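Copied over from Swiss-Prot:
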| type | residues | note |
| --- | --- | --- |
| ACT_SITE | E83 | active site, proton donor |
| ACT_SITE | E114 | active site |
| DOMAIN | 55-218 | domain 'SIS' |
Amino acid sequence: MSLGALISESRNPATMELDKLSTLAMLTCINDEDRKVPDAIRLVLPAVAQAVDLAADALKQGGRLIYLGAGTSGRLGVLDASECPPTFGVPHGMVIGLIAGGPGALLKAVEGAEDDIALGMRDLQDLQLTATDMVVGLAASGRTPYVIGALRYARELGCPTAAISCNPDSPIAQEAQVAISPVVGPEALTGSTRMKSGTAQKLVLNMLSTGAMVKLGKVYQNLMVDVKATNVKLVDRACRIVVEATGVSRAEAEHALRQTDFEVKPAILMLLKGVSAEQARQDLRQHHGYLRAAL
């Protein structure tokens, strides 16, 4: 596939004179392009929904959700994975982000890493990939060899797979069970796929991880009831979540949370059902952690 023929690499006729514009006009132009991203994603929501269901099923069976990409795409996967433990209370290692070239590539490009088709496979082998894991390959261009090799290996093992790219009918899409291809058009700055393409990938990842965690019972109403209260901000958030879910006072919420070691779900259950902390935990275990079912 010729890079120059890709939509993501083509010149944008709306921004041909970007360097001649005033600062405000330049930013307005970029913003006009950014506004196209959500509309492009709306068109591929059925594919995103498929990927969410696959991810949730994999995680329910004890598998992992593994993101893999190079450059901006890889960094976005690492970012989303790193946010899952504090947001949803899942263990580190349940959602994993891999970037071509390893952790050092987060800060500085590792030359040639993305072009190594065997490297993606080796990185997954190092994780001892099994068929219960789901692998999501990310590449704005849709042609990154590192991602192709990884998806091919995952598919051979029988893993559920998804590919996220911003060009239609891309090579990585052909390697995956589910293809998510929001076509956001040429970038405001030609070929700079950290812009619209990066934004599109981030929005899809937001939905993928959040949707899967909702299905795992990590959310009640629209509240992150498995949040880990590991700092002052998150302790405050835990209190506010309990208040929102139960209607009690701040003082009552804090009292309940102290009895549950600041675990939100049992605190809510205690207050709404009038049970002890131990009984609340037992009810949650019986319902596999699903707060709504326990209520």
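Just so it is clear, glycine is given a Cβ too, placed from its N, Cα and C backbone atoms.
Note on the active-site residues E83, E114: the fewest other CB atoms within 10 A surround the CB of E83. Per-residue confidence over the domain 'SIS' (55-218) averages 96 (mean pLDDT, predicted model).
Distance noted between the C-alpha atoms of E83 (active site, proton donor) and E114 (active site) is 24 Å.
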